[in-house]
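Notes follow once the structure below has been shown.
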Amino acid sequence: MEIRGEEEIEDIPMSPPTLGSMQIAGSSGFGHNLEFMSQAYLRNRYTEIDIVEDETSNAKRDGPLPIFLKFEDVEFKVRNSKASSNTVKAMVSKVASQLNMEHNYKEILKGITGSIGPGEILALMGPSGSGKTTLLKVIGGRLLDNVKGKVTYNDIRYSPALKRRIGFVTQDDVLFPQLTVEETLVFAAFLRLPSTMTRQEKYARVEMIVKELGLERCRHTRVGGGFIKGISGGERKRTSIGYEVLVDPSLLLLDEPTSGLDSTSANRLLLVLQGLAKGGRTIITTIHQPSSRMFHTFDKLLLISEGYPVYYGKAGESLEYFSSLRFIPEIPMNPAEFLIDLATGQVNGISVPEDLLVPQEQGTLDSEKAVVKYLQLKYKTLLETKEKKENHRATKIPEHLRVAIQAKKDWTITWWEQFTILFKRTFRERCRDYFDKLRLIQAVGVAILLGLLWWKSNTDTEAQLRDQVGLLFYICIFWTSSSIFGAVYVFPFEKVFLVKERKADMYRLSVYYVCSTLCDMTAHVLYPTFFMAIVYFMAGFIRTVPCFFYTLFAILLVAVTSQGAGELFGSLVLSIRRAGMVASLVLMMFLLTGGYYVQHIPKFIQWLKYLSFMYYGFRLLLKVQYSGDKLYECESKGGCRKLQSSPSFDTVNLDGDMNEVWILLAMAVGYRICAYFCLRRRISISNILTLSHIILLQFSLLLHTVYGQYPTISSSHTPPELSLSPLFPPLSLSHPLNCPIIPHLKFLFSLSSVFLHSNPAHQHKTKNPTF
């Protein structure tokens, strides 16, 4: 895929803003220039009649929707104990903790308050493990459970409608290793940008991002990763940023964007972020230890130590604040280095205030704790109250911005357009792996080896017949195992990519699954065809065109069914190690019950063979290749015998109907349907209402019946819906649960729900969740 040349791009109108458009200076105080910014947005907004945003106008306006972000008393805690692998135990433990039966928690964030508006860059600084990334995920809506406090966007709490307005650049670069830098950005542009933009405009957007981020030199190089050679770490990070920036997000969150970059590249990247902020975007970035020059590009700074804020305000005033506390560097220091030292409690080379009681031996654990506690106390007394007043100050967000932030953006492109683009990307990503020379050599090499071992075999005697039947079963085994293990690792490997892109609402899950299974099917059809074209005529099978194509069809049917089974196993566990174990166990069971090793299985376990697609595939191959009326061993003393009388076909009616075709087709489709719903359940952004979920809710209702009240949670917590915290979604049975007792649970659940909603004493006054 090639980008248009510069001479073609010059005359193309750029619908999204360039990095210097909307030169709105970041104000030092929250709410400044609000009226000007809202008017600038309103001039290009046209009208907001419906909640669904008009994509046509969206492609033509000059800037992103301004987002004014506020967060107050944000707290987050996690359990210290390791979560149980058993689903029921994990759910019971979760409910017990929510009901204050357990208190084994570790606090990650401990009451953080702040605000930021369009045109500003907020830097989150602190030592490793201080909670910077956690706060970033809370702000981005990626952590919802066990979160207390209040986060608002234009005075509106988080909703799924915000997902497409938030760009999130993770610390670990999640990029397809087989795609080039240019392909990565182009496919992202075509999937995420509005369909109202022309192809030339989308190409021009990519070209602009490539130039701004300095990716011209590596644009045609594979991204790489793992065992695949590719671009450098710094180039990979810039590609990740470009991946998010090209969709023009209103709120851009970056986790350690400068890690892996040299000083010059990091400064250049910060200048790019400055330009993005001046275009009306709200930018928050975690950063570990920036250079002095980089530090002064930040508008605001939030310094975190052990989950507590120790400073919040203008970045340029941070040194003055700590100087007022008598923390003064005795030698020239990088401002960021000075602040990180304070956040960790290391005051070597820094003068400390007289009222700070530090143990005589500086650098010890006790002295560091004393410094951190002192800073936390000073923040509470000097800054926290002021910041909360600032958040509550009367800077009312205009109504049109409040409505716009709730606008549900429809899919930018249709299902078919998503399928076309995603199929091209998936095929290009996987073809370099599936169509590798080694795979072709493997298929051709094994085919030649089998052809030589069974060279011009015949069925004149019982022994020769048994040999040829063994070849058919081995072919069935070979393509069953190849297809299963070729498909079982796909979803576990691509889980991180899928989660990232689903959180960004890039495409429907159904589009991804259809593209994935069709692209994989290409390899599972092509290689068996090459294989059979070689081994069929070398091994002495029936030399007729119809018989060859019937045999090939049977092998392809087995391979495609095996692929579906592999996809199902992979989507069930989404773990590379466990997926391989499950596939190995199931393959062994199917192999043993396939009808070759054991033909007469005991009745009490005979049902196993009906689960094996190898059983049906092997029977189909025998029916295609042999006829029951054909004679063999005519020269023996026993005279001529029919093939049907051979012990090899005791359990197979060679002249019967080929019902195995329909059974295998049903299995191939059924496996894929089950795999899709398993994947949908596992790759879910929101919590899923599971069977154990419902049972535990009924348990809480039982407690109400026994004790006369619902289990309560601490008063500081404001859980949504049924006082059961964000652990549970709103009461609903919209998720399909295939279980015979579900109708009874639905009945009980409906009765309990009616009771809850009819009793005002058990209804929350606040309709919206805490977060």
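Cβ atoms are placed via backbone N, Cα and C, with glycine included.
Features as listed in TrEMBL:
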- 69-331: domain 'ABC transporter' (DOMAIN)
- 438-455: transmembrane segment (TRANSMEM)
- 471-491: transmembrane segment (TRANSMEM)
- 511-542: transmembrane segment (TRANSMEM)
- 548-569: transmembrane segment (TRANSMEM)
- 581-598: transmembrane segment (TRANSMEM)
- 661-679: transmembrane segment (TRANSMEM)
- 691-710: transmembrane segment (TRANSMEM)
Tertiary contacts of the transmembrane segment (548-569), as residues 6+ beyond its ends and Cβ separation under 8 Å: 475-476, 479-488, 490-491, 516-517, 520-521, 524-525, 528-529, 531-532, 536, 541-542, 579, 582-583, 586, 613-614, 617, 620-621, 624-625, 661, 664-665, 667-672, 674-675, 678
Whether the transmembrane segment (661-679) meets the transmembrane segment (438-455): three or more C-beta pairs under 8 angstroms: no
Surrounding residues of the transmembrane segment (438-455) on its own chain - C-beta under 8 Å, 6+ positions past either end: 467-468, 471, 474-475, 478, 523, 527-528, 530-532, 534-535, 538-540
For the transmembrane segment (581-598), distant same-chain residues with Cβ under 8 A (at least six beyond the ends): 469-470, 473, 476-477, 480-481, 484-485, 488, 565-566, 569, 572-573, 608-609, 611-615, 617-619, 651-652
Reported mean pLDDT - the domain 'ABC transporter' (69-331): 84
